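S.K.: Here's the feature list from Swiss-Prot:
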type     : residues                              : note
ACT_SITE : LYS84                                 : active site, schiff-base intermediate with D-ribose 5-phosphate
BINDING  : ASP27, GLY156, GLY217, GLY238, SER239 : D-ribose 5-phosphate binding site
BINDING  : ARG168                                : D-glyceraldehyde 3-phosphate binding site
Amino acid sequence: MRDYADNDSILLKHGWCEMLKGGVIMDVKNVEQAKIAEKAGAIGVMILENIPSELRNTDGVARSVDPLKIEEIRKCISINVLAKVRIGHFVEAQILEELKVDMLDESEVLTMADEYNHINKHKFKTPFVCGCTNLGEALRRISEGASMIRTKGEAGTGNIIEAIKHIRTVNNEIKYLCSLDESEVYNFAKKLRAPIDLILLTRKLKRLPVVNFAAGGIATPADAAMCMQLGMDGVFVGSGIFESENPQKMASSIVMAVSNFNNPKILLNVSLGLGKAMHGNTKVSNKWKNKSEEDNS
């Protein structure tokens, strides 16, 4: 059994993620977008070949970004640089760790590389973020070495409904865990298929034992603030910015909304005059459903 409260490597990676709390990480695909994100006050950029809204409309294989693009963008900004790898593709992760990116996202948005196994993230010095739809999935990813969790949501749709569903599901399952008699906890752990040590730690903390960001469909300052009011530590956003009428203003407003999520007056001010938000998609069909928790992990 791994001791999650007393391990130097784990504590170092988790500690780095703690510094991201209250921040916004933005999906970008070029230098121009990265500069918009930095100017807006983002704490980091997630570099992709295409933002999620574009990935949803393609049928080809979505792979990790060309390392050269990461180098080009990193030279032009001073904030954290993140990159996605395919689920289970530990060699993509090795390559990007060698490139010294700040964080890796083992992402369902890319085409899955291994249908049965996620990456053993304990083998890496670079912290990982992974998506989840429920508490059991979150704790399994943490047991594999994830230092940060995010909701899966519906990336690239501008539709926040799935992200909110995942946030509330995790929150409600934690509340239920905390309400159980001690003798009932072990059976609940079996139902979640989650390690008992992480179940007990979550019960003690009354929250996930790692930083937890919202992601998937966040398109407005109000969306971002709603996620924060539901207990998230920060947000990922991409298509919602760069498919809006005024990306720079939208990006800055979302950052302000996350920093002031409990202040309606500021939320009103940052929501004024943003122009048209991304068109979005109300048909939440989940292009990446085959990579969902129910099917794979």
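Counting starts with 1 at the first residue shown.
Using N, Cα and C of the backbone, Cβ positions are placed for all residues, glycine too.
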S.K.: Taking the residues the record says bind D-ribose 5-phosphate (ASP27, GLY156, GLY217, GLY238, SER239), how far apart in Å are the two Cα atoms that sit farthest from each other?
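M.R.: Largest Cα to Cα distance for the D-ribose 5-phosphate-binding set is 12 Å.
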S.K.: Can you tell me whether DSSP puts the residue listed as 'active site, schiff-base intermediate with D-ribose 5-phosphate' in helix, strand or coil?
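M.R.: The three-state answer is strand.
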S.K.: What does DSSP say about the residue listed as 'D-glyceraldehyde 3-phosphate binding site': helix, strand or coil?
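M.R.: The three-state answer is helix.
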S.K.: Tally every other Cβ atom lying within 10 Å of the Cβ atom of GLY238 (D-ribose 5-phosphate binding site).
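M.R.: The answer is 29 other Cβ atoms.
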S.K.: Long-range neighbours only, meaning 6 or more apart in sequence with Cβ under 8 Å: which ones does ASP27 (D-ribose 5-phosphate binding site) have?
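M.R.: VAL45, MET46, LEU48, ILE51, PRO52, PHE236, VAL237, GLY238, SER239, PHE242 - these are the non-local Cβ neighbours of ASP27 (D-ribose 5-phosphate binding site), listed in sequence order.
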S.K.: Among the binding-site residues listed here (GLY156, ARG168, GLY217), which has the Cα closest to the Cα of LYS84 (active site, schiff-base intermediate with D-ribose 5-phosphate)?
M.R.: GLY156
S.K.: Through the lens of DSSP with three states only, how would you label GLY217 (D-ribose 5-phosphate binding site)?
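M.R.: Where GLY217 (D-ribose 5-phosphate binding site) sits, the three-state DSSP reduction gives coil.
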S.K.: Do you know which of the recorded positions LYS84, ARG168 has the most other C-beta atoms within 10 angstroms of its C-beta?
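M.R.: Most Cβ neighbours within 10 Å: LYS84.
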S.K.: Return the count of C-beta atoms lying within 10 angstroms of the C-beta of GLY217 (D-ribose 5-phosphate binding site), excluding that atom itself.
M.R.: 27
